[in-house]
């Protein structure tokens, strides 16, 4: 059972209307592995493995459904590509997205899979205004490069992490290599993503995440790079953070 409740129109500081409209136009394609979201489908297994290992290590969890009892928030959840695996691992999952079309797609797919996910059309600021209880884990995946003000957005997101909890971030670095591969290569040459999906000036450096989340009372681990090998058509984790990377932040328990 899923839910989607919020006004049809959102007017919040973090929202970039052009970005919301961009993803609304292709919302129906989220679960098609050969669609415009094909790169996310290829990237998802390595990302999910990293998140599962990170969360299990942090909370001392194991088993087939190790996330039983955890509350996980996926901000900018899109069509639910991460929410559903988190729910299958036992978590109580809340997914929020500024694009109502994304929430509708995610809700329908979760219902078809028999998964209970709390989907909401909205943004992080609304959860704060509604005094939502903080979450054990907040996922901030491929969304900060699409918001109006990444710094303010990240500080707000930190407020939604409970003491002793985690935030896991994933985004694209603002480097010449990222411009060449993630924008020119992926969008203009290979056509893996619609042209204009990413704008170079909106890409986010690890130092920006570190500054914002430290302001939000969190400590940061070193970034982990995610690289694509065109010969094997596979993504892998490594030290190269010049294009895709992930970062883990912890909020002190005290």
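The backbone N, Cα and C atoms fix where each Cβ goes, glycine too.
According to DSSP, residue 76 (S-adenosyl-L-methionine binding site) is assigned to coil rather than to any helix or strand. The S-adenosyl-L-methionine binding site annotation in Swiss-Prot covers 47, 76, 97, 141.
Counting only same-chain residues at least 6 apart in sequence, those with a Cβ under 8 Å from the Cβ of residue 76 (S-adenosyl-L-methionine binding site) are 96, 97, 98, 140, 141, 142, 143, 146.
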